[in-house]
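Record features (TrEMBL):
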type	residues	note
TRANSMEM	43-69	transmembrane segment
TRANSMEM	75-95	transmembrane segment
TRANSMEM	115-132	transmembrane segment
TRANSMEM	144-163	transmembrane segment
TRANSMEM	170-188	transmembrane segment
TRANSMEM	194-211	transmembrane segment
TRANSMEM	223-241	transmembrane segment
TRANSMEM	247-265	transmembrane segment
Amino acid sequence: MEPVPGRRWQKVLYERQPFPDNYVDQRFLEELRKNVHARQYRYRAVVFQSGAVVQQLCSVCVFVLTWWYMDAGMLSPQGLFGAALVSSLLGYVLFDAVDGGAGRWASGRTRWADLKSTLVFTAFTYGFSPVLKTLTESISTDTIYAMSALMLLGHLIFFDYGANAAIVSSTLSLNMAIFASVCLASRLPRSLHAFVMVTFAMQIFALWPMLQKKLKARTPRCYVGVTVLFALAALAGLATVSSVGAVLFASLLLAISCLCPYCLIRLQLLKDNIHGPWDEAEIKEDLSRFLM
C-alpha cells in the first residue's frame, strides 16, 4: 500500500490509515536519544569506591594468615585474643567518636546492651569450642580446605560493597565466612585455638566492615589512610609466608584499585545506548490506588 499524497501519518493504532504497518515518516529518528541513563564516572571517585573490595580481600588474607600462624605454632591463642580484645575496644571507641554518638542515639542501643551481647557471644562460643573442634573430625583435611576456600570466595562475592544488586546479601556473606572459620578452626591443635579463631573471624568479618563503612561515610580521608595501612599490613604478613604470593596479591590489589577503574572510564567512552519511539512503554504513574 503506497502512502496517500497529502495525508499525514499519525503514530496511533485506533485509526485506520492508508499506510503499511511498518511505515514511519521522516520524524521517526527525531526522537532518537543516546545514553540517556549513562553515568559519568570520575577516576578518583571510582578508585575511592574500589577501596571496599581491597579491604575485604585484605580481611580474608589477614584471616587466613592468622590461621596459618596458629596452625604452625607461631602465634599463641592468648596473644591473638589479647590483641583482638585491645583492637576491638579501640574500634568501639572510634565507632562512637566518628559521629559523636549520633548513630547510637538514633538506634537507641546502650553500651550496657552491647556489653551483654558481647559476653553472651563470648560465653556461647567458648562453651561450644570443644564441639567446634571435633565437629569435622570425620571429614578429610583436603575437603575442609576446599570447603573453606569456596566459602571465603562466596563471602567475597555476596559481600555488600555498596552496590544495589540482587546478588548482594550481607547475611549470606557473613554466614559463609563464619562457616569457613569453623572449618579451619577444627584443624587447630586445641579447643582454645578454635574459640579464639571463631571470635577473631567475627571481629574481622562482622565488626571491622561496620567501622569501615562509618569511616567511609564520615571521614573519607581517614578511610583512605586506613585502607592503605591495612593493605600494607596484609602484604607484609603475606610476605613472611610467601614472597611470590605477596607479589601476586599486590598485583591483584593494584589491578582492582587502579587498572579496573581506568578500564571502566575508558569503556564508558564507547558506550552507545539508543532510546527512541521503539522502546517499550514505561508506566511512571503510581497505580497503587487501583489495587485497593
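Glycine too: its Cβ is placed from the backbone N, Cα and C atoms.
Because the structure is a prediction, the values reported are computed rather than measured.
Spatially, the transmembrane segment (43-69) is adjacent to the transmembrane segment (144-163); three or more Cβ-Cβ distances between them are under 8 Å for residues at least 6 apart in sequence. Residues of the same chain lying 6 or more positions beyond the ends of the transmembrane segment (194-211) and with a Cβ under 8 Å from any Cβ of it are 55-56, 59, 62-63, 66-67, 70, 77, 80-81, 84, 87-88, 91, 94-95, 121-122, 125-126, 129, 132-133, 155, 159, 174, 177-178, 180-182, 184-186, 188. Panel annotation: around the transmembrane segment (115-132), residues 182, 185-186, 191-192, 194-195, 198-199, 202 of the same chain, lying at least six beyond its termini, place a Cβ under 8 Å from a Cβ of the stretch.
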